[in-house]
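Below: one structure, written as structure tokens.
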């Protein structure tokens, strides 16, 4: 039984042969990351720190793209996992005097455990779509209230100050990554590994299963897939990655506060993935970096202006770019004219334009 399970898991996660366009995309990514690695030596310290914080949030966006872009699970409280990861490593390193790696394991594990618990209660109960999204927002509000009220542990409104920077301590081997330059490179490497992990995951047969569930869960269920179990697994993986981003944020910023459980952050990550294109991993990363840097620059003039800009961007995205910038480019491409032609009837007696995807989710 155990060997059969291992064989099935190996077949599910087997990597298909890479195509030429994938090799090209991989080469471009390597060049882009190599260029980003030079930023601390060619840019000002402020620009390096600002870009480092944006790269941390790019990992957060990547986690949400895995959940919404691939499995089509829209949540309004994804920031709760980011905040739990940040608070986990902060409490572990400042109050429990644990090492940073132990604190990271606590933060990531807490985020994953919370997602698995919510998934088992909600997804197996059949909660989907806007009901699931609203409940996740309620969980976010509860988490913020806990972070504000539990002063003896979370520090209340002030939060937790003096969170130590990145420092790896494994079997007596120590590596201090707390400096601005070292932390930037560490975050860049973390983003590269996270992107490689998610990209490798969605290329497998398991990624195809997630895509099938996202397009039409009803049909996927009737094909024999345990859709609730797969959704719990992907939500747990997404939460773990979001918690990892929260750990990096806490180590980089040196402080965590209840604002991490804000509706604004959960809204921003939706915008990043929507503009970058759902399911387009690189698009989510680029959009997260761009909008985070835009917010940083806008905040130097006014801290109240960004929510207005965010709302306007949401309206533009919903009205003119429902599939993000990649979808807009494809729509304006040379093949759009042919794709816009009326669809042929695939079955006699069925009017063109009538969809049979009764159980699809968008």
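Note that Cβ sites are derived from N, Cα and C of the backbone, with glycine treated the same way.
TrEMBL labels come from automatic prediction, so no person has curated them.
Listed in TrEMBL:
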type     : residues : note
TRANSMEM : 23-43    : transmembrane segment
TRANSMEM : 49-67    : transmembrane segment
TRANSMEM : 79-98    : transmembrane segment
TRANSMEM : 104-124  : transmembrane segment
TRANSMEM : 131-147  : transmembrane segment
TRANSMEM : 182-202  : transmembrane segment
TRANSMEM : 231-257  : transmembrane segment
TRANSMEM : 269-293  : transmembrane segment
TRANSMEM : 305-325  : transmembrane segment
REGION   : 335-362  : region 'Disordered'
Positions whose Cβ lies under 8 angstroms from the transmembrane segment (104-124), at least six residues beyond its ends: 80-82, 84-89, 91-92, 98, 132, 135-136, 139, 228, 231-232, 235-240, 242-244, 246-247, 250
Segment-segment contact (the transmembrane segment (79-98); the transmembrane segment (305-325)) at 3 or more Cβ pairs under 8 Å: no
Ranked first among 23-43, 131-147, 182-202, 269-293, 305-325 for CB pairs under 8 angstroms with the transmembrane segment (49-67): 269-293
Listed stretch, out of 23-43, 131-147, 182-202, 231-257, 269-293, that has the most CB pairs under 8 angstroms to the transmembrane segment (305-325): 269-293
Top partner of the transmembrane segment (182-202) among 23-43, 131-147, 231-257, 269-293 - counted as Cβ pairs under 8 Å: 231-257
Folded-back contacts onto the transmembrane segment (131-147), same chain, C-beta under 8 angstroms, at least six residues removed: 73-80, 83-84, 87, 118, 122-123, 154, 159, 257-258, 260-263, 266
